[in-house]
Amino acid sequence: MGGCAGSRRRFSDSEGEETVPEPRLPLLDHQGAHWKNAVGFWLLGLCNNFSYVVMLSAAHDILSHKRTSGNQSHVDPGPTPIPHNSSSRFDCNSVSTAAVLLADILPTLVIKLLAPLGLHLLPYSPRVLVSGICAAGSFVLVAFSHSVGTSLCGVVFASISSGLGEVTFLSLTAFYPRAVISWWSSGTGGAGLLGALSYLGLTQAGLSPQQTLLSMLGIPALLLASYFLLLTSPEAQDPGGEEEAESAARQPLIRTEAPESKPGSSSSLSLRERWTVFKGLLWYIVPLVVVYFAEYFINQGLFELLFFWNTSLSHAQQYRWYQMLYQAGVFASRSSLRCCRIRFTWALALLQCLNLVFLLADVWFGFLPSIYLVFLIILYEGLLGGAAYVNTFHNIALETSDEHREFAMAATCISDTLGISLSGLLALPLHDFLCQLS
């Protein structure tokens, strides 16, 4: 890519005729750097969200915390579970899986709230290193824990890793062509699918949850390798024609912004400029908060209660299947930006709220006759959530100037985390209320 792919210099010979030097090598360099960055951001998205997803997939096991002799923990119950609360019409854990959600999201919320204020002062490399170490620590701590409390501490490490990583890598996209946002989003969707599917598959194959978690320690190493070895230097970026086409169609989010501003550090923005940019972002932040509130209220508040007795799947297995199908929908829609772009993300928020109302009604009245209908609804739920995420960040990338884009990406990160945190806080009392019903 380097500095030679941006423009073709013309030279004049002695007769005044212009000749063009052979562009093939610079073009190949540009294409090679493009694909290295594309793959790099996809892997960063995959590895960054992997531990977060696995902890949510393991939430039922973490809270059940059944043990046998030896060091294997969280043993999968048989296909006919014994209710933890025999007086309730639901098969409830004593603590809602929303507790795992809160441990998995509140540290991320704190990081994202503080990030726009001063995280940019810390270089990217130390942030990535801390993120990788915390991810590895989360797998080890949960795998070897002997209490729910210790396991939740491990979940907190996963939250720190994913939260710090998301703010870091989304801010980093400001120094690369806008196309990397699509690759990052696809990678985060892939983390959901591969994380949930690997946990489901390995436990179904007979591995204990402890062995399954320890087998995933290669993911943090892959994250570090992707950042330090695969990405090209951002100073050498030259977006070329694709960026020019996007800028021509761009509708400025802040009307006074300069259309030709260059990428730069958000540390140069004053507090007044940051507030002005943030107000312009609310059109996208609010619907994303609503989408994530609705879907995680479903995932961590209702999944555990959407239990069907007339199947061969145990309660824990049903929960894992719900998580896997949700993540499959997220992956598909987060990878669809090239063929489907949605500007009005409010529509996605409305549809996700309708999902929440419908499934909450089913938990209360129990009118769905088959678990396979729930499978389809959960897949659809994931499609809506993934589409909201990728289109929100893509729209912001198009509608903010390069000068504001790094700050805008970091500030918008708060949306999903805020929605998830609110859903967890409300899902806890809902769980206690429903589980007391006889």
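Just so it is clear, glycine is given a Cβ too, placed from its N, Cα and C backbone atoms.
What Swiss-Prot lists as region 'Disordered' is 1-25, 237-268. For 1-37, 204-277, 368-438, the entry in Swiss-Prot reads topological domain 'Cytoplasmic'. For S12, S14, the entry in Swiss-Prot reads phosphoserine, with the evidence type a large-scale study or a structure entry. For 38-58, 128-148, 152-172, 183-203, 278-298, 347-367, the entry in Swiss-Prot reads transmembrane segment. Per Swiss-Prot, topological domain 'Lumenal' is recorded for 59-127, 173-182, 299-346, and the stated evidence type is sequence analysis. Here Swiss-Prot flags N71, N85, N310 as N-linked glycosylation site. Among the features that Swiss-Prot reports, cysteine methyl ester is placed at C435, with the record citing a curator's inference.
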For this session: For the topological domain 'Lumenal' (299-346), give the DSSP counts of helix residues, strand residues and coil residues.
Result: 28 helix, 0 strand, 20 coil
Seminar exercise, completed: Under 8 Å Cβ-Cβ from the transmembrane segment (278-298), and at least six residues away from its ends along the same chain, one finds 101, 253-254, 326, 345-346, 348-349, 352-353, 355-356, 359, 378, 381-382, 384-385, 388-389, 392, 395-396, 400, 408, 411-412, 414-420, 422-424, 426-427
Problem set entry | Euclidean distance between Cα atoms of C435 (cysteine methyl ester) and N310 (N-linked glycosylation site), Å | 20
Exercise. Is the count of Cβ pairs under 8 Å between the transmembrane segment (183-203) and the transmembrane segment (128-148), pairs 6 or more apart in sequence, 3 or more?
Worked result: no
Exercise. Around N310 (N-linked glycosylation site), how many other C-beta atoms are within 10 angstroms of its C-beta?
Worked result: 7
Exercise. Taking the topological domain 'Lumenal' (299-346) alone, what is its mean pLDDT?
Worked result: 87
Seminar exercise, completed: Summed over the topological domain 'Cytoplasmic' (368-438), the DSSP helix, strand and coil counts are 62 helix, 0 strand, 9 coil
Problem set entry | Helix, strand and coil totals (DSSP H, G, I; E, B; other) for the topological domain 'Lumenal' (173-182) | 7 helix, 0 strand, 3 coil
